[in-house]
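Student: Sending over a structure as structure tokens; questions will come in a sec.
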Amino acid sequence: MASAWCGALWEKLNRKKTLEKDLLQTPLHRCLSTQHLALIGIGQMVGAGVFVLTGTVIKDKAGPGAILSYLFAGIAALLSSLCYAEFGARVPKAGSAYVYTYITIGEFWAFLVGWNIILEYIVGAAAIARALSGSIDALANNTMSNTLEEHLSLPGQFLSQYPDFLSFAFVMSVAVIVALGAKLSANITSVFTVINVTVIVSVAILGFIYADPTTWDSGFLPYGFQGVLGGAASCFFAFIGFDGISIAGEEAESPGRSIPVATISAMIVTTVLYIFVTTSVSFLVPYYDISASAPFPAAFAARGIHWAKYVVGAATVVAIFTALLGNMYMLPRTIYAIASDGLLFRIFAKVNDRTQTPVIANFVFSLVAALMALLLDMETLVDFLSIGTLMAYTMVAASVILLRYQPISECQFELHPDPTDSATDSAGNMAAAENGSSSESKPLHHSYSHDDFGKLKKLFRALPVLRHCSPGTAVATSTIIMAAFMAALCSLALYATESILRAEWWTIVLLVVLILGTVFSFLVIVAHVQNTAFKTFQIPLVPLLPATSMFINIAMMLKLTYLTWIRLAIWIAVGLVVYFAYGIRNSAENRSLASYNALTSYGGDGQQAPVLRGDDDDDDDDGGAEEGGDGDKWKKSQEEKPEFE
């Protein structure tokens, strides 16, 4: 009895999301162009950090070598963004990492990812609003903060020194803008992003005009190459925000093309911009004289250009406001995606008929963010940031690997015709000949059929243990083991650095074991047949690129403080209560175990029934009960999904 209950629970925790037949159908308004998406991504990444983080990296970590730090960080972030671009083009839904995890890994893990993303956006909105309020206060010589602190000071360790009414007003004002529609939000974001980039470029050009090449006389790498790598780890966080492009994908006009193009374009523009700014400020004064908190105003003042302080201050306000608008644009859409699947209260999935936005989710969670901005200290807010985002990046990279090695019986996406299917090939050629043109979906020419996806390659089919695994199982297991080895390897490198440098025997042995374990798990994945027949955008060098992205994100997570992990554990504990009290029972994928087994029974060679891939309109009765009933399965999933009002 207990084993049956545990089995049923395990099935529910790992059930995967069934996709709609038409992935472009949505109650939201598809109105965003490629340019809108790219500017949303740039606006999210190029915030006030360009005026603050740059000084810290140059002065304390890498010197002028911060140029390389930003280059390496941009390349590392590009790996994660490419994983998002592949999924975003294939599944243009607002949930982003949550939806991608739901499709490939399972419901419970997707909920954890989505729950952490909600925290990131709420805390991010509060922190950005506090920074915006502080920047305006700084331009007014701290008049507001001094007055409020004198008359309305707040007690408590984690509370702010004074209630920040301006930041509260900023959050609620932006919530109103977001509620009025995606087009308005995107247009305002685009305008402010263009202004922001223009001002940043102008400030950087001014720096080159007053440049002094002798500032590099002390060396390009005063902290060595290790300093460049340390700076790259800090610079990586400057690129967080590109996932906003994927979240906005449900409102994109042509997501299959727009999301990859916008993602890559935004990453290139942002990286070039950061390198340009860093080079400029490093030429103004020697690296050891750069101000860590205000690099540009201090550097310009040292060169006698005092008025530049106000230009940089205004640019900082514009940059922070753009980041706030982008952050709060993503927040309700993430909540809407989770609620529409029934894992959060379905009232948050309601979409306003006129504005076509999730208004209730927008105002409820914006109010939470506004109250946090009003009462909490900036340092307390910042400690919450990054870990949930990095966890989402890791899960998406792992999901790309799992999706590429799924057996054909589990694939829910439209594929190119099977190259070994002579009937399909002949029919396509005949149709092309009749039309006097080439077929739209030409078969891919490789030596494996669709039925081979997830199985061992012919050269390795005699390998012990692996040859007995069902398609996709060995890859999934190896991905989990590889992630565990990566985490252990990063922990050893970060927390036993001195022992490794002293070549203590136990660290060397452990280092070799962990490296070999990581490499072996990776090679097991490579030994299997990969699905490269998707019609949408595919990143190259899988599984190498997503595996590298996983390693970088895991390393970044392990560098965060233990207090951050404790706070994350508390937030996850709250999420577990929500999921097991509400989500697991109200999930749109919630079916009885008997019905699920009946639907996935399949008489062919595959392990499960073929699921809908969007091109089965002409299925006959033979695809019914015996082969899993694709049409019935899809209809059932649609009946159990929440309706939009």
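Just so you know, glycine gets a Cβ as well, placed from its N, Cα and C.
Note that the structure is predicted; figures quoted are calculated from it, not measured.
So TrEMBL lists these for the protein:
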- 615-629: compositional bias 'Acidic residues' (COMPBIAS)
- 630-645: compositional bias 'Basic and acidic residues' (COMPBIAS)
- 537-587: domain 'Cationic amino acid transporter C-terminal' (DOMAIN)
- 419-448: region 'Disordered' (REGION)
- 602-645: region 'Disordered' (REGION)
- 37-58: transmembrane segment (TRANSMEM)
- 64-85: transmembrane segment (TRANSMEM)
- 97-118: transmembrane segment (TRANSMEM)
- 191-211: transmembrane segment (TRANSMEM)
- 223-249: transmembrane segment (TRANSMEM)
- 261-287: transmembrane segment (TRANSMEM)
- 359-378: transmembrane segment (TRANSMEM)
- 384-403: transmembrane segment (TRANSMEM)
- 474-496: transmembrane segment (TRANSMEM)
- 508-529: transmembrane segment (TRANSMEM)
- 541-558: transmembrane segment (TRANSMEM)
- 564-582: transmembrane segment (TRANSMEM)
Student: For the domain 'Cationic amino acid transporter C-terminal' (537-587), provide the mean pLDDT of the predicted model.
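Tutor: Averaged over the domain 'Cationic amino acid transporter C-terminal' (537-587), the predicted model reaches a pLDDT of 90.
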Student: Are there residues at least 6 beyond the ends of the transmembrane segment (37-58) whose Cβ is under 8 Å from a Cβ of it, and what are they?
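Tutor: That would be 64, 66, 69-70, 128, 131, 135, 186, 189-190, 192-194, 196-197, 200, 231, 234-235, 237-242, 244-245, 248-249, 252, 258-259, 261-263, 265-267, 269-270, 273-274, 277-278, 281-282, 287, 290-296, 312, 315-316, 319-320, 322-323, 325-327, 329.
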Student: State the residues, same chain only, that lie 6 or more residues beyond the ends of the transmembrane segment (223-249) and have a CB under 8 A from a CB inside it; answer 'none' if no residue qualifies.
Tutor: 32, 36-38, 40-41, 44-45, 47, 49-50, 53, 56-57, 61-63, 65-66, 68-70, 72-74, 76-77, 80-81, 84-85, 87-88, 92-97, 182, 186, 255, 258-259, 262-263, 266-267, 270-271, 274, 323, 326-327, 329-330, 333-334, 386, 389, 392-393, 552, 555-556, 559
Student: Hey, would you say the transmembrane segment (64-85) packs against the transmembrane segment (474-496), going by three or more CB pairs under 8 A that are 6+ residues apart?
Tutor: no
Student: What same-chain residues lie close to the transmembrane segment (97-118): Cβ under 8 Å, and 6 or more beyond its ends?
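Tutor: Contacts of the transmembrane segment (97-118) (Cβ under 8 Å, skipping residues fewer than 6 from its ends): 12-17, 19, 84, 87, 91, 243, 246, 331, 334-335, 337-338, 341, 343, 365, 387-389, 391-393, 395-396, 398-399, 402-403, 406, 412, 568, 571-572, 575, 578-579, 583-584, 587, 589.
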Student: Grab the same-chain neighbours of the transmembrane segment (474-496) for me: Cβ-Cβ under 8 Å, and only residues 6 or more beyond its ends, written as numbers and ranges.
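Tutor: The answer is 394, 398, 401-402, 405, 454, 456, 466, 507, 510-511, 514-515, 517-518, 521-522, 524-525, 528, 547, 550-551, 554-555, 558-559.
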Student: Sort the residues of the domain 'Cationic amino acid transporter C-terminal' (537-587) into helix, strand and coil with DSSP and give the three counts.
Tutor: 40 helix, 0 strand, 11 coil
